Amino acid sequence: METFLFTSESVNEGHPDKLCDQVSDAILDACLEQDPESKVACETCTKTNMVMVFGEITTKATVDYEKIVRDTCRGIGFTSADVGLDADHCKVLVNIEQQSPDIAQGVHGHLTKKPEEIGAGDQGHMFGYATDETPELMPLTHVWATKLGAKLTEVRKNKTCPWLRPDGKTQVTVEYRNDNGAMIPLRVHTILISTQHDETVTNDQIAQDLKEHVIKPVVPAEYLDENTIFHLNPSGRFVIGGPHGDAGLTGRKIIIDTYGGWGAHGGGAFSGKDPTKVDRSGAYIVRQAAKSVVASGLARRCIVQVSYAIGVAEPLSVFVDTYKTGTIPDKDILTLIKENFDFRPGMMSINLDLLRGGNFRYQKTAAYGHFGRDDPDFTWETVKVLNPQA
């Protein structure tokens, strides 16, 4: 039997790039909560003792950017300089301007256009992917890497492992078999966890706790065998972390945000962008389309691409590939997708309820993946049943 290895990684919410994603989306939430028509393109960067937010925001909302930055960092666990950042005493820099009027008139005609006429905020192409290898219809390597990262945070915050600090990374390698285009996971080849820790804990304690409290609850025992390799803090020491260890920037973790290297990616990041930015809304609706194809039993694996021109409402192209796993021809699946999904930006915002912010709606997406999440706020995970015409 011919097999292959595939690897996906994740980082948890204390990673500096992910801190930036969460700050950008917390600001988006605050703007949309008060003004659903807000136009937001918010970037964040961070390094030792400093967080800066910058970009273009046009909104009627009253937003305290500095408070959002500090609250977000504090919520992650950055409460003192020795863990990587002190939320209450770090420098917060804000350099935010209004959206360019050239972009504004081309995209939304200064809010005079009907929803179906609103043009895409930029050019670009986005991909959605789904696979039947997990209940979430997501790649297993990505699901486990992501869940290991989330579990690391959980056992840090509930004090199961009090020696943990906020920053951390995970990586999972799985041995697969290709079943005529469908992916069949066989076993875990390697699990890698690198987590920030305090000065007191030993490497033996780290390895023991990670196996017992992080890996065991996430990865089913039947996928682990005597040949599974564990690299648990292989560098030996990871005390300095967060923005103190590495600079962070919004939009640096786009594969972790999506499918862990499976499928494809058009290159556009998500966080800090309102729904007129098709980098985000376009990627969300093609995930819904691909997931619906697989959930409806039309294919075991599916990728969907959509592309846009700035200021133009209708997509330039829609593409589908089922990797030869389709129960009907791909061209018929494409017809079904076009009949059931409206790819115009204004309509995506309405149909997926993307103008609703606040209550951590977008901030939640900014750590542990935008897809495969069981949460009603992740409206793009709702399956539409697709019935081919007899």
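Indices start at 1 and increase along the chain as displayed.
The backbone N, Cα and C atoms fix where each Cβ goes, glycine too.
Other C-beta atoms found within 10 angstroms of the C-beta of Glu9 (Mg(2+) binding site) number 20, with every protein chain shown included. DSSP assigns Glu9 (Mg(2+) binding site) to a strand in the three-state reduction. Residues or ranges marked as Mg(2+) binding site by Swiss-Prot on the basis of similarity to another entry: Glu9.
Look at Swiss-Prot and you will find His15, Asp167, Gly168, Lys169, Ser235, Gly236, Arg237, Phe238, Asp246, Arg252, Lys253, Ala269, Lys273, Lys277 tagged as ATP binding site, backed by similarity to another entry. DSSP gives His15 (ATP binding site) a coil state; it is part of no helix or strand.
According to DSSP, Glu43 (K(+) binding site) sits within a strand segment. Taking a C-beta cut-off of under 8 angstroms and a sequence separation of 6 or more, Glu43 (K(+) binding site) has the following same-chain neighbours: Cys20, Ser24, Val53, Phe54, Gly55, Leu249, Thr250, Gly251, Gly272. Residues or ranges marked as K(+) binding site in Swiss-Prot: Glu43.
Secondary structure at Glu56 (L-methionine binding site), as computed by DSSP, is strand. For Glu56, Gln99, Asp246, Lys277, the entry in Swiss-Prot reads L-methionine binding site, with the evidence type similarity to another entry.
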Cα-nearest neighbour of Asp246 (ATP binding site) within the listed binding-site residues, Glu9, Glu56, Gln99, Lys277: Glu9
Listed binding-site residues (Gln99, Ser235), ranked by Cβ neighbours within 10 Å, top entry: Gln99
Residue among the binding-site residues His15, Arg237, Lys277 whose Cβ has the most other Cβ atoms within 10 Å: His15
Distance, Lys273 (ATP binding site) to Glu9 (Mg(2+) binding site) (CA atoms, angstrom): 24
Farthest-apart CA atoms of Glu56, Gln99, Asp246, Lys277, residues recorded for L-methionine, distance in Å: 30
For Lys253 (ATP binding site), the number of other Cβ atoms found within 10 Å of its own Cβ: 24
